[in-house]
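Enquirer: Sharing a structure with you now.
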Amino acid sequence: MRPGTPYDLAIIGSGSGNSLITPYWDDKRVVLADQGIPHTGAFGGTCLNVGCIPTKMYVRPAALARSPEEAARLGVELCEAQADWPRIRDRIFGRIDAISEAGREYRERLEHVDLISERVTLTGPRSFRTASGAEASAEQMVIAAGSRPVIPEVPGTGLPQVHTSETIMRIPQLPEKILIVGGGYIACEFAGIFSGLGSEVIQVNRSVGLMNQLDAEIAAAYSAQAEANWTVHYQRTLAGVVEDAHGRAVAQLVTSDGRIEEITADVVLLAIGRVPNSDAVGAAEAGLDIHPDGRIAVDEYLRVQQDGAPVEGVYAIGDISSPPMLKHVANHEARVAAHNLEHPQHLRRVRHEVIPAAIFSHPEIAHVGLTEDQAAQQVGAEHLTVKTQRYADTAYGWAMEDQYGIMKVIADSRNGQILGAHAMGYHSSNLIQPIIHAMSFGQDAYTAARGQYWIHPALMEVTENALLGLDVPAPPDAPL
Ligand SMILES: Cc1cc2nc3c(=O)[nH]c(=O)nc-3n(C[C@H](O)[C@H](O)[C@H](O)COP(=O)(O)OP(=O)(O)OC[C@H]3O[C@@H](n4cnc5c(N)ncnc54)[C@H](O)[C@@H]3O)c2cc1C
Ligand SMILES: NC(=O)c1ccc[n+]([C@@H]2O[C@H](COP(=O)([O-])OP(=O)(O)OC[C@H]3O[C@@H](n4cnc5c(N)ncnc54)[C@H](O)[C@@H]3O)[C@@H](O)[C@H]2O)c1
């Protein structure tokens, strides 16, 4: 680091923050601070090292390991699947660690970029101090310091058998039995992975049902599938974990009627949410406005707020400030922040209207827009038209002998505006994309269904039929 003169740009966080260093900064001075991923010190943030990418690299082998069961339904006998965890793990991290390391080396080589591999704390909106005491300031700043797993304040979470998403993917062996605490994205994705690879999975959730934040029909359908695929216990809260004489974890759970229940497992995975790292960067102490859930407050241009007013040239992006903690949202915000840093006189707004997401569990879930309950509240239940299309009622669904796939689309029956879509089943994250497209570009359901050819008999006919099933008016000169 070069003490004294301010940098042109300071960035905290090498996840989405790393992509802000565009060629515009080639003749300027940039400082990028990242303390590294806990336990490995890896460069490049959550998605690459401990998030989206490695989890989905586990989802694929887990799906393959399930194929004998699916094949048998279609009359094909495959031999029993045998997952080789060390090989799966080493293939995944063999690729990821190399990419992370290459990213670090590239940044270190750049003359105009100083990389600080230390924890930093804001000393003001445009300045920070490193853990070793060096100070830096900059004309412009982006805070992209992400989020971290919530660790419940109960005894035993420090035991070596107890993991979060940051450590579970590097364990030495596939656990025979895993206890997963939580009923959201991370818990459900890992339940799908470990059950597919052959572990006995017990998932416990505080409330009744899994993925309760979703449309109620999809949450209920998913919960029923999960209950069929692995063991699920509801209304259990973790009270602590101890180690037994055989080195296994014994989780103590409080039931809804106050009893203590014990579950013994090889490993315990805690997946009960993530909190923004605003406290870890000292955002409140630096005078920035913080939402009650810990997110740094930003305006529509992603400028941080101080006493309700935007701070020029200081931005926050990604999990530290976004309501949805999703990589595609963080990426979009990085593009907006990159533009606004380079064009302070022509700021662009962030686009948060149509945000989709997928949960890569077994089955996979995808959603965009309002749930049916939210849509009813927003436009009135009497104005809704809703179609739930079963995969099993399409030609490709017959080919798959599909048993549970559904896509539900919700629209305003007065004008065909698509308000939301929710799907569960094979490749639902792909099948939903035409609806994301239609919603993003303001295309009504009638036109989206009939204004294009749909390849027959592709699985995408699920999406076509869901749209065709809505009771919406044909616009003037509608496609036939
Ligand atoms: C298991 C898992 C699976 C996921 N799967 C998906 C998915 O499939 N699809 C999807 O869209 N999203 C997924 N997500 C969410 C996604 O990973 C995040 O939304 C995204 O990575 C956030 O990016 P970011 O740039 O805000 O933060 P990060 O990528 O977390 O970057 C923040 C960086 O800041 C550093 N940092 C923090 N505090 C300091 C400090 N004080 N000083 C210096 N450095 C600091 C951290 O070390 C980190 O490298 C997943 C998350 C997890 C945990
Ligand atoms: N595919 C994806 O896009 C993907 C995958 C993983 C994570 N993520 C992102 O990461 C975020 C965090 O994921 P997550 O699964 O940890 O959080 P989550 O908010 O999705 O789910 C948290 C779960 O933990 C439960 N819970 C909360 N506090 C609890 C407590 N004290 N005891 C017991 N249970 C408790 C909640 O009821 C909920 O079921 C997600 O919201 C999502 O934005 C996205």
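Each residue, glycine too, has its Cβ placed from N, Cα and C.
A TrEMBL annotation is a machine prediction, not a hand-curated record.
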Enquirer: Quick check on the annotation: TrEMBL has Gly182, Gly183, Gly184, Tyr185, Ile186, Ala187, Cys188, Glu189 binding NAD(+), so which of Gly103, Gly258, Gly273 does it put in that site too?
Expert: Gly273
Enquirer: Please name the cysteine among Cys52, Cys79 that TrEMBL pairs with Cys47 through a disulfide bond.
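Expert: Among Cys52, Cys79, the record in TrEMBL lists Cys52 as the disulfide partner of Cys47.
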Enquirer: Which site among Lys56, Lys327, His328, His456 has the most other CB atoms no more than 10 Å from its CB, taking these as recorded positions?
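Expert: In terms of Cβ crowding, the pick is Lys327.
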Enquirer: Of Cys47, Asp319, Lys327, His328, His456, the recorded positions listed, which put a C-beta under 6 Å from ligand 2? Please answer none if none do.
Expert: none
Enquirer: In sequence order, what residues of the same chain, 6+ apart, have a Cβ less than 8 Å from the Cβ of Asp319 (FAD binding site)?
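Expert: Within the chain, Asp319 (FAD binding site) has Cβ neighbours under 8 Å at Thr46, Gly146, Ser147, Arg274, Pro276, Asn277, Met325, Ala330.
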Enquirer: Which recorded positions, if any, among Cys47, Cys52, Met325, Leu326, His456 have a Cβ under 6 Å from ligand 1, given in order along the chain?
Expert: Cys47, Cys52, Met325, Leu326
Enquirer: Taking only C-alpha atoms and a 10 A limit, tell me which of Leu326, Lys327, His456 are near Cys52 (disulfide bond). These are the recorded positions.
Expert: Leu326, Lys327
Enquirer: Average the per-residue pLDDT over the domain 'Pyridine nucleotide-disulphide oxidoreductase dimerisation' (355-466) and send me the rounded value.
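Expert: The average pLDDT of the model in the domain 'Pyridine nucleotide-disulphide oxidoreductase dimerisation' (355-466) works out to 98.
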